[in-house]
Structure formats: structure tokens, C-alpha cells
Amino acid sequence: MESDHHHQHYSSSSSSSSEEEEEDRSRQKASRSSTKWVIMMGRVLIDPRAKWVQEWNRAFLLVCATGLLLDPLFFYAASISEACLCLFIDGWFAVTVTVLRCMTDALHLWNMWLQFKMVKVERIAHCGSDGHEDDEYTEKEVACRYLKSKKRFLLDLFVILPVPQVLLWVVVPSLLEKGYTAGVTTTVLLIMFLFQYFPKIYHSVCYLRRMQNLSGYIFGTVWWGVALNMIAYFVAAHAAGACWYLLGLQRATKCLNEQCRATQGCMPRTLTCEKIMYYGSNNSRDRFRLIWAENRDVRFMCIDSADNFEYGAYRWTVPLVTNENRLEKVLFPIFWGLMTLSTFGNLESTTDWLEVVFNIIILTIGLILVTMLIGNIKVFLNATTSKKQAMQLKMRNLEWWMKQRRLPVNFRHRVRQYERQHWAATRGVDECEMTGNLPEGLRRDIKYHLCLDLVRQVPLFQHMDDLVLENICDRVKSLIFPKGEVITREGEPVQRMLFVVRGHLQSSQVLRDGVESQCMLGPGNFSGDELLSWCLRRPFIERLPPSSFTLLTLETTEAFGLEAEDVKYVTQHFRYTFVNEKVKRSARYYSPGWRTWAVVAIQLAWRRYRHRLTLTSLSFIRPRRPLSRSSSMGEDRLRLYTVLLTSPKPEQGDFAF
């Protein structure tokens with residue numbers, strides 16, 4: 001009866017302790033989430049380290065690249081009518097490009113609004129544990145800091161000014177209606193476009209650098225780095241091709257202007273179509289315009305062939321300026337830009353100073369971009385292939401060594417499996433080697449930042465203060481175990497405590513008479529709790545405690561471990577933490593040894609109770625006999641209960657400190 005009462009008391013106490021553990025964890029999670037909510041959203045502030053902010057930064061970087069691709073498209077709205085030999089603006093194309101540009105400007109405005117709410121990382125780091133900051137800082141200083149930054153607010157505002165929209169819809173039609181030549185109009189369009197386009201490129205580069213400084217990377221993979229360099233090269237080719245098209249259009253209008261001066265009755269206004277904005281119907285009834293359109297000499301000199309006028313580097317633009325296919329008009333200049341930047345020219349140039357300067361700029365930019373593109377791609381590919389080559393060399397050496405030592409086939413298979421899984425998890429990056437040469441304080445802070453979330457997932461550490469967690473994070477080591485690996489055997493000395501992060505372990509214990517107890521350890525569980533009792537036992541014994549279980553990996557398992565010396569250091573220097581009642585209950589509740597013993601005790605109590613009920617029901621049929629003289633079935637059951645009762649269990653002194 002005493003044993004029954006003891007087992008029932010233990011089961012009730014374990015259930016009550018489990019309820020308290022769940023309540024404590026829920027309160028702790030609620031407090032952490034509420035604190036973060038107060039810091040970031042309750043005060044209408046945004047943490048730049050938040051995941052959704054980083055995703056938005058990546059998306060906005062692609063928006064900036066899209067904006068750089070859209071602005072040169074405004075040049076293609078200007079064309080020469082092949083039927084009327086006059087300059088006009090493609091209305092539908094201009095509407096499409098303007099709408100797309102306004103959409104990117106709207107995304108720029110949204111990003112500016114986020115910058116008004118974005119808190120500096122340094123200010124978040126110095127925020128109090130209660131999650132509150134100064135009201136004045138929350139309300140005013142964030143916005144003022146962004147407004148006063150010249151490279152941020154003013155530049156963000158400048159790049160969304162509707163300069164190309166105003167030029168295309170207001171300035172260019174106004175100049176043409178006032179009688180200015182097409183050469184003057186295209187020059188104004190080119191200068192004003194470059195006036196905003198170069199700062200826009202600088203803005204995108206600054207945003208890219210800010211992303212790198214904030215998180216250390218942009219997209220996290222080498223291939224995205226290659227893609228960004230290719231996008232930059234494509235943007236440069238697109239912009240160069242658009243400028244080449246506009247200058248070719250200017251050269252074609254120059255030819256038409258010279259022919260107009262040589263033609264009697266032709267006025268400069270004749271070179272501009274009667275309806276500047278063309279939407280599909282531009283039938284002219286002006287007699288002089290009809291005569292000009294039917295002039296075969298003008299068409300032969302300027303439109304039909306590029307050999308009759310000195311087009312120079314723009315000779316390929318002659319069929320484009322009158323082409324009604326918008327897709328061909330856009331794609332061919334891009335092809336020209338890619339070809340010219342990649343091959344450094346083969347440009348035929350005249351003595352016109354603007355054309356010579358344009359060719360010099362194109363050749364210089366092409367030389368710089370090709371050099372940077374090849375260099376960056378080589379660096380990226382070398383960063384990827386060098387680690388793979390090192391891995392292949394290591395595997396080759398391992399194969400040679402295993403062959404020389406004549407290791408069995410199963411050992412070789414286990415070695416290969418471990419190396420492959422270790423490579424898949426780390427990609428050849430050794431964190432200990434990377435942080436080993438750093439200053440002690442910086443190394444400790446980095447490990448605390450990397451391991452804190454993982455350590456807090458362990459229920460045993462949820463009731464410990466930050467000082468203890470910092471020392472634990474400084475000493476934990478990341479471990480990877482392949483599937484089917486025996487980590488610890490029963491009876492061997494316990495070398496470390498293991499805390500499962502990902503994967504599952506099978507913990508098995510041999511009871512009396514060959515009966516085996518098994519349980520599964522998943523993320524958040526731990527093993528090696530014998531070290532806690534060993535470290536806190538007085539008097540202290542140097543001999544490591546034996547393991548009560550055999551640990552076997554059921555799948556590839558990631559865990560972090562605390563060596564025995566590290567557990568000893570933490571328990572000796574922070575003994576007050578481990579005498580906390582919550583920590584003791586957590587250790588007992590999540591300990592595999594105590595759980596196994598509890599299961600055995602509960603099964604014993606339940607089977608003995610069912611056996612009594614059976615004996616009571618049989619007493620009405622035949623005379624009741626003493627328990628020692630019951631049937632053979634009852635005697636076998638009692639022997640089984642005796643085996644379960646005397647099964648191994650944790651020491652009575654465990655966690656009784």
C-alpha cells in the first residue's frame with residue numbers, strides 16, 4: 001500500500017508540475033510577444049531587422065532596378081512618321097510608360113513612409129527591457145532624423161520627381177509648337193533625363209550598400225549576386241541603347257532640316273506633325289505638308305538609306321526611327337548596347353563633337369562594366385567552387401585513408417554519410433574557426449546572438465536569467481549526427497549534455513529480466529541530466545556518472561552540447577539558479593530517466609488495481625484464498641509487478657539539491 005500511495009503521489013505531482021510548466025511557458029511567450037509589440041507597433045515604430053522589412057528591402061531594390069529600366073523608355077515615344085516625314089510622339093506608348101513610372105513612384109513613396117517610422121538598430125539595442133522609449137524620440141526624432149539626412153530624404157524625394165513625365169507631356173510639345181527645331185527639343189530631353197537618371201543610379205547604389213551594412217548580405221546566395229551584376233549590366237546597355245536611339249533620331253531630324261532649308265516653301269514647323277501626340281489618326285490636310293511628304297529626294301536622302309547622309313555611329317537607327325513596331329524599336333537598341341559594351345565598339349564616327357563624346361563615354365563605360373562584371377562573377381563563382389573543391393579533396397583523402405586502413409564497408413558508408421550531411425548543414429563554413437580570432441567580448445556577443453533563441457527553446461533554460469544564458473551560449477557547441485548513429489551507450493560515462501534542436505533521438509533503457517524501455521526525444525528535449533546531479537552532489541566525486549540510456553538517432557539530428565567541464569563550470573558559478581524550484585521541476589519533468597520511472601510506477605499501480613478487482617469478482621464464486629496461493633496466472637503477474645517495481649530509477653538525490 002505504501003508503494004501504491006507513493007506512485008500515485010508522484011503521478012499527481014508530475015501532472016501538477018507539468019501544468020505549472022505549461023502556464024509558465026505560455027506567460028513567458030506572451031510577455032515576450034507583448035514586449036516586441038510595444039516596441040515595434042505599439043509606438044508606431046518599425047524594426048529594420050524584422051523579417052518582413054528585410055523582404056521589403058529586397059523587393060524595393062528590384063523596384064529601383066525596374067525604375068532604371070523604365071525611364072529610358074520615354075525616349076522611344078518620339079518617332080518620325082514615314083508617311084508625313086515629320087516628328088511626333090506616340091501617345092499610347094507614352095501613356096503606358098507614364099503609368100508604369102507612376103506605379104514605381106508610388107512604391108517609392110511607400111518606402112519613404114516606412115523610413116519615417118524606421119528606428120535605428122542602435123536605438124533598439126539600447127531600448128529598455130520594458131519595451132518603452134522616450135515619447136519625444138518616438139514622436140519626433142525618428143522623422144526629424146530622416147528629414148535631416150541629405151543622402152536619404154532629399155535623394156528619395158528627388159528620384160520620384162516627375163521629370164520625364166513633365167518633359168514628355170508638357171515641355172517637348174510646347175517647344176515643338178513654338179517652332180523650336182527637333183534637334184533642340186531632343187537635346188533638352190536628353191539633358192533633363194540624365195539630370196535625374198544619374199542621381200537615380202546613385203540612389204540605388206546607396207540603398208544597396210545600406211542593405212549590406214544592415215544584414216551583411218542582400219539575397220543570401222551567390223547566384224543572386226551574379227544576377228544583380230547581370231541586371232546592372234543590362235540596365236547600362238538599355239540606357240546606352242536608348243540614348244543612342246535618341247541621338248540617332250536627332251541626326252535624322254538634322255538631315256530633314258537640311259533638306260527642308262534646300263526645299264522652297266518648306267518651313268521648320270513642317271518638320272513637326274500637325275498633331276504632336278499621335279493616337280492612331282494623323283491625317284494632314286495641309287498642302288505644304290502633303291507636298292513635303294511626297295518629296296522623294298528627301299525620303300531618299302534621309303529615310304530610305306543610311307549611306308546618303310553622314311549618320312556615323314547612328315546609321316543603324318535609320319530604320320528604327322520610322323518603325324511602327326514598338327517591340328522592335330525597344331529591343332534593337334538594347335541589343336546594340338549589349339554588343340557595344342561587350343566588344344568595346346567598332347563604332348563608325350563622324351567629326352561631330354557630340355557624337356565623338358558619346359562614343360568615348362560608351363567605350364569607357366563598357367570597359368569598366370565588363371571588367372567589373374567578369375571580376376565579380378569570378379569572385380562569386382570562386383566562392384562557390386572553392387568550398388566544393390575543398391570538400392572533394394577531403395573526400396578523396398578520406399577514401400584513400402579508409403582504403404589504406406581497410407575499414408569495413410559499413411564504416412565507410414557511415415563516414416561518407418556523415419560528411420555529406422555535415423556539408424549540407426554547414427556548406428563548408430566552420431563557425432568556430434571564423435569567430436576564434438575575434439576579441440573575446442565580440443565573440444561572446446556573437447555566440448549569444450546566434451544561440452539565444454535555440455537555448456530558450458529548451459524548457460530547462462526558460463527560467464534562468466540572462467547572465468546564465470550568456471555563459472551557456474558561450475560554451476555550447478553545434479553538433480550534427482547522421483541517421484542510425486549511436487551517440488551514447490548505457491553504462492558509459494556521460495561526456496556531455498545534449499539539447500535537441502532538429503530531429504529525433506531514441507532513448508532506450510534495459511530493465512530487469514531483459515525488459516527494455518524506450519522513449520523518443522524531439523526538439524526541446526535533452527539528455528545527460530546525470531551531469532547536473534553529479535556537479536551538484538556534495539561531496540563532489542571526480543568520476544563521471546554512468547549513462548542510464550542508450551541514445552540512437554532516428555534521423556539526421558542537429559543538437560548543441562555542453563561538455564561535462566562546461567556543465568560543471570555553470571553549475572558551480574551559478575548554483576543559485578539550479579536550486580530554483582521551477583528549474584528543479586523542469587529538470588524532473590523533461591528528464592528521460594524520471595519519465596521512464598514514472599511510467600513504470602503508473603503501470604504497476606494500474607495493473608495491481610485491476611488484479612484486485614479480478615480477485616474480488618472471483619470471491620463470489622469460490623472461497624477466497626490467500627494471495628500467495630492464487631492461480632499460476634496470478635503468480636506470474638505478481639512476479640511481473642515485482643520486476644517493474646524494482647526497475648532502475650533515477651537516484652533519490654537527483655535534483656534534490
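Positions of Cβ are set from backbone N, Cα and C atoms, glycine also.
Where the annotation comes from TrEMBL, it is an automatic prediction and has not been curated.
According to TrEMBL, the protein has these features:
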type	residues	note
REGION	1-30	region 'Disordered'
TRANSMEM	59-79	transmembrane segment
TRANSMEM	91-110	transmembrane segment
TRANSMEM	153-172	transmembrane segment
TRANSMEM	178-198	transmembrane segment
TRANSMEM	218-247	transmembrane segment
TRANSMEM	356-381	transmembrane segment
DOMAIN	460-539	domain 'Cyclic nucleotide-binding'
Selected stretch (most C-beta pairs under 8 A with the transmembrane segment (218-247)) from 59-79, 91-110, 153-172, 178-198, 356-381: 356-381
Contact set, same chain, for the transmembrane segment (356-381): CB under 8 Å, 6 or more residues outside the stretch: 222-223, 225-226, 229-230, 232-233, 236, 240, 243-244, 247, 313, 340-345, 347, 349
Tertiary contacts of the transmembrane segment (178-198) (same chain, 6+ residues out, Cβ under 8 Å): 68, 71-72, 74-75, 78, 87, 158-159, 161, 163-164, 167-168, 171-172, 239, 243, 246-247, 249-250, 253-254, 256-257, 268-269, 271-272
